[in-house]
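Student: Annotations per TrEMBL:
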- 6-116: domain 'MTTase N-terminal' (DOMAIN)
- Cys15, Cys51, Cys80: [4Fe-4S] cluster 1 binding site (BINDING)
- 133-370: domain 'Radical SAM core' (DOMAIN)
- Cys147, Cys151, Cys154: [4Fe-4S] cluster 2 binding site (BINDING)
Amino acid sequence: MSASQPKVGFVSLGCPKALVDSERILTQLRVEGYDIVPSYDDADVVVVNTCGFIDSAVAESLDAIGEALAENGKVIVTGCLGKRPEVIQQAHPDVLSISGPQDYASVMSAVHLALPPKHDPFIDLVPDYGLKLTPKHYAYLKISEGCNHRCSFCIIPSMRGDLVSRPVDEVLREAEKLARGGVKELLVVSQDTSAYGVDMKYAAREWRGREYATRMKGLCEGLSELGLWTRLHYVYPYPHVDDIIPLMAEGKLLPYLDIPFQHASPRILKLMKRPGAVDKTLERVQRWRAICPELTIRSTFIVGFPGETDEDFEQLLAFIDQAELDRVGAFAYSPVDGAAANALPDPVPEEVKQERLARFMALQAEISEEKLERKVGTVQRCLVDAIDGELAIARSMADAPEIDGLVQIQDGEAAGLKPGDFCDVRIMGSDEHDLFGLVGDDEDL
Ligand code: SF4
């Protein structure tokens, strides 16, 4: 790479959707001949992709902008917090430009203005799947932007707008390119994966000589043709989720669902304005497991939502106890600036929230630990993420990167494993989060 190329520093904050935005901007920067550099000192200008989901994310974003300004001085801000430019301008009036999420054109114009591109034919050579921030063997696949719901605790629709789905053939072509680039696992992300295609009236598109509907099942059928691991995130329990469970049972899709249930009391779910019918959730989870016993369910919950009574909370505990979810994240409710839930009466006192959170987490830890223990003695298909000394750090079908557990393969290095390899691992032990196992015959852990 030529030393005289214009250099851009990049700070990427927020969720996987924001990460995909960062990847697209980075790809465009590289296509246009910009060097991406890892330090403020080396950069001619810095782009900060912000998150604005909750107050702590706003604070983190403002801190990152401040640091980039102090260290470099030329800063372009984009991402979710860009939807509230007044917050940024008030804290940091010297930023060069502010744009919202997915506004790649505005970011590129601001970069062009601050740092005109130089033409060099050699640096046009970027991979056809673009640049990624994830390791080479897995990638996030964003299928839509925005959301048609109006959950009372969330301001994402006001920042990202209503649902806009990408046509299924476009998504499948991107997945195909990622597969050609060495990706082994696709992580399907959106705000509401179950709603995919509703804005396009589920239009059919052709890919590889066959028609696929722009809807969750059509997408899953197309992705299964690629022979990769496909993992679905942010799925709401609409009735048509039932249609994809058989694909999981047939091994066409990872038997894994990330469903943000958020609560189990119908009264609280109504106050939250959550999508998806909730009355029969437990029966549905049990029916899914009858069709696909391997199914792993990950979820997130909010405890201490305004108006949550002891009875509502007990209902939540009973649900997680009976549903035996595999992986669970939980948060004590905290108000988000601009969210409708802020106007709800009966806030739960902070100490009650914390006490409920601790009880919730203690119960779930027992459930998760017991579920992992049941895997000891089984053989699990795993994908290796890294080699660490003698260990290979891998994930089973039940583990999404970053948020779930790991499988530590004790003889991974001796077995010659590399990141991106698949292998069958005999599970020899477990703890609250992780599994331990061997690929070879040595039982001496
Ligand atoms: S489904 Fe609800 S929580 Fe999720 S992005 Fe839409 S409004 Fe927000």
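Positions of Cβ are set from backbone N, Cα and C atoms, glycine also.
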Student: Could you tell me the C-alpha distance between Cys15 ([4Fe-4S] cluster 1 binding site) and Cys154 ([4Fe-4S] cluster 2 binding site) in angstrom, no decimals?
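Tutor: Computed Cα spacing between Cys15 ([4Fe-4S] cluster 1 binding site) and Cys154 ([4Fe-4S] cluster 2 binding site) is 14 Å.
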Student: Anything from the binding-site residues Cys15, Cys51, Cys147, Cys151, Cys154 with its Cβ under 6 A from ligand 1? List those in sequence order.
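Tutor: By the Cβ criterion, which requires under 6 Å to ligand 1, the hits are Cys147, Cys151, Cys154.
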Student: Expressed to the nearest Å, what is the distance separating Cys147 ([4Fe-4S] cluster 2 binding site) and Cys80 ([4Fe-4S] cluster 1 binding site) at their Cα atoms?
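Tutor: Just about 14 Å between their Cα atoms.
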Student: Given Cys51 ([4Fe-4S] cluster 1 binding site) and Cys154 ([4Fe-4S] cluster 2 binding site), what distance in Å do their CA atoms have, once rounded to a whole number?
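Tutor: That separation, Cα to Cα, works out to 13 Å.
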Student: Under a three-state reduction of DSSP output, how is Cys151 ([4Fe-4S] cluster 2 binding site) classified: helix, strand, or coil?
Tutor: coil
Student: Taking Cys15, Cys51, Cys80, Cys147, Cys154 as the binding-site residues to compare, which has the smallest set of other Cβ atoms within 10 Å?
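Tutor: If we count Cβ atoms within 10 Å for the binding-site residues Cys15, Cys51, Cys80, Cys147, Cys154, the smallest count is at Cys15.
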Student: Do you know offhand how many angstrom separate Cys151 ([4Fe-4S] cluster 2 binding site) and Cys80 ([4Fe-4S] cluster 1 binding site) by C-alpha?
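Tutor: Just about 17 Å between their Cα atoms.
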